[in-house]
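The next block holds one structure in the form of structure tokens; read it before the comments.
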């Protein structure tokens, strides 16, 4: 039954083919006749013939008669010169339709008609703007259509724009109407050029016939729809199928009509590839185009290849075997619908195999990577923390507040990444750096509570700076908020890549203060900063710094960090051991500590009083140095030890600086231990702006000499610019803390190196300890406002402050108590009167001008100017350092 049905179908198909051929031949003859008659009508056009543009009753001299006259007149008026191209285009299309079966879909004819209109309109418009004006034609070179198109487009697009649009329309019309392929055209031109070059260079396999063959293959490529590269691809597949046979053993395939070329609609889809792969077959074998080419006996495909394939294929021993990593990639490509042919891979392996092998080997090493958390010391609560947490049982005469006033540490569950996620991130890190041309090897992964550090070993010849410059690109590629590159890890030869954890652990101040490191520290200036990247508490001594510079942008955690430092001091020192001078220009951050017994003066909010406080600190520093010099000790610790030993022995020491003519007492006072003095300035940028450069000089003077006297400073600012953090301040304050900043320039201003711009914020900081040029990453301890209020209230209950009014008291003459001796010495200077006369006569005052006028040193000129300021001759310096002359000139 099936054979009978097939015979009936074949007969019906043959009958339909015969009917189509008859209609096809008749249509071709009629269209050819019409094109010839139309062409004759155009070449025999006479402007005097009676037509639609000429009124009359005469006869037509046109070769085709009155019909030809009307047609020629109509086309020449409408298209100009392009009227002669109209029958040529119709004839070309007729020839194309004769060579193959026409499409029966109506929309195809609509596209062809649209293409014809585009060709005619664009050519007519281009002819209208050409150099041929068409004086012999009735409506110009482009006719009415061309002239109208140019008149419409020129005002909108200009001449160049209109010509460009018309050229594109012409190219599109050729594609739609004549099915012209521009890609195929350029490919043929390139093939002819390559063959021509081969002939010139004297290639043995190329002769003069290659040029003719390159042009002759146009017919085959057009009819089959395949380019030379697709034929080359098919030829490679064919050679792959027969590559294992011995040379000469394969018989020549038989040439039949059915396998003489590729089918028109042959393609390789993803379903066929997957089906073939599941069945254990090569996907190429299931491609019907390749099967057709395998039976093709003609060697024209070989001659069409742009490279020489006449050499014999290497045997199985010479064939390069892909690496296991490459085989795995090929298997993945097959599952995804790709076509990994062995021949193509063999051409690409010499160029890409080394890099891929390195990457694959690195990924394999990542899979076997040993993940070890950062070394964290065993954390146990200190004895004081245990005692404070039990509360009432041990409540007695403890001179320090209980750590229980602070909130207990909060456990947020698991922090960090899973082990599988760490492997994935390691592979991603290797891949992304390889994309930027950097080869690395991940040697270890160290997860921490806040960040995870990937220790990498760069390939030989890779600079650390190259990886550091890719920090932002790595953060973007790995979808991280920030990525920090650690160029040097002490004690190791590797670099570090620090990425933030998905779940960040919270570091509380109570947790840090409960550590044994804080409890065992004997210094009254112990500062608790937070945790390092491994989760160990970071405890430092302000006395060893001896001054601290803190900077960071708004919202980076700077104020919280300063509060944590102050609370760590209050939990460690009594008012007899530590006194504070707090400067708060914003009147919000440090004003909460008002009234605690540690304060030497109320919290300073006026910047003029802040300058007076710094001057008093300088005077106190000088007084302490005189005491230590008289006592024969080198620092405040030696002084206090000597005084305490004398008191315990019952023989207190008398003040060696006491003079009977300066006191109403007849006996000298006894010495008492000196407390440490810590000056905390929350925003010293505002103080420098309001007071001027004098503050910088006072800060530098304290920073240079006050360490042995027990006076220390903590300077904080949210504006890390060079006009605030000057070179003079940086030179005298080597210990610095940088919170998150906005740019690498700000980071270099604070730390003299980058890195702070890659921090996470919310207390994440870089701490540069004293004597170390490598900053340490610390996650700052968080302290809530309620905790600060509880600690302040506890200290207020324990005692009242003993203020020294002279600290912020400024005399009517502008002098500060304790510093009047300098002014008196200045007035005794022999050149003081000359300096006053010069300043009042010139109306200008500056240290440099006085120095040049009187030809004296800088220090002596500065002392004279300060004496004039104290006497009211000149005003204090403004924010830019200039002074106003107040006293009138001498009469």
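A Cβ is built for glycine as well, from the same backbone N, Cα and C atoms used for every other residue.
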TrEMBL annotation (region 'Disordered') - matching range among 218-239, 372-393, 394-415, 416-437:
372-393
Can you say which of 59-78, 79-98 is given as transmembrane segment in TrEMBL?
79-98
Any idea which of 147-170, 171-194, 243-266 is down as region 'Disordered' in TrEMBL?
243-266
Where TrEMBL places transmembrane segment among the ranges 6-25, 26-45:
26-45
When neighbour density is defined as the number of other C-beta atoms within 10 angstroms of a residue's C-beta, which of the binding-site residues 553, 554, 556, 559 has the lowest density?
554
I need to check the long-range neighbours of the transmembrane segment (26-45): which residues 6 or more away from its ends have a CB within less than 8 Å of a CB in the stretch?
61-64, 67-69, 71-73, 75-76, 83-84, 86-88, 90-91, 94, 97-98
Entry from the binding-site residues list 555, 557 having the most other CB atoms no farther than 10 A:
557
Tell me the Cβ contacts of residue 552 (ATP binding site) under 8 Å, same chain only and six or more apart in sequence, or just say none.
558, 718, 720, 738, 739, 740, 741, 756, 765
For the domain 'FtsK' (535-748), provide the mean pLDDT of the predicted model.
89
Going by DSSP, give the three-state secondary structure for residue 558 (ATP binding site).
helix
Report the residues of the chain - excluding 552, 553, 554, 555, 556, 557, 558, 559 - with C-beta within 8 Å of the mean position of the site's C-beta atoms, for the recorded ATP site, in sequence order.
718, 739, 740, 761
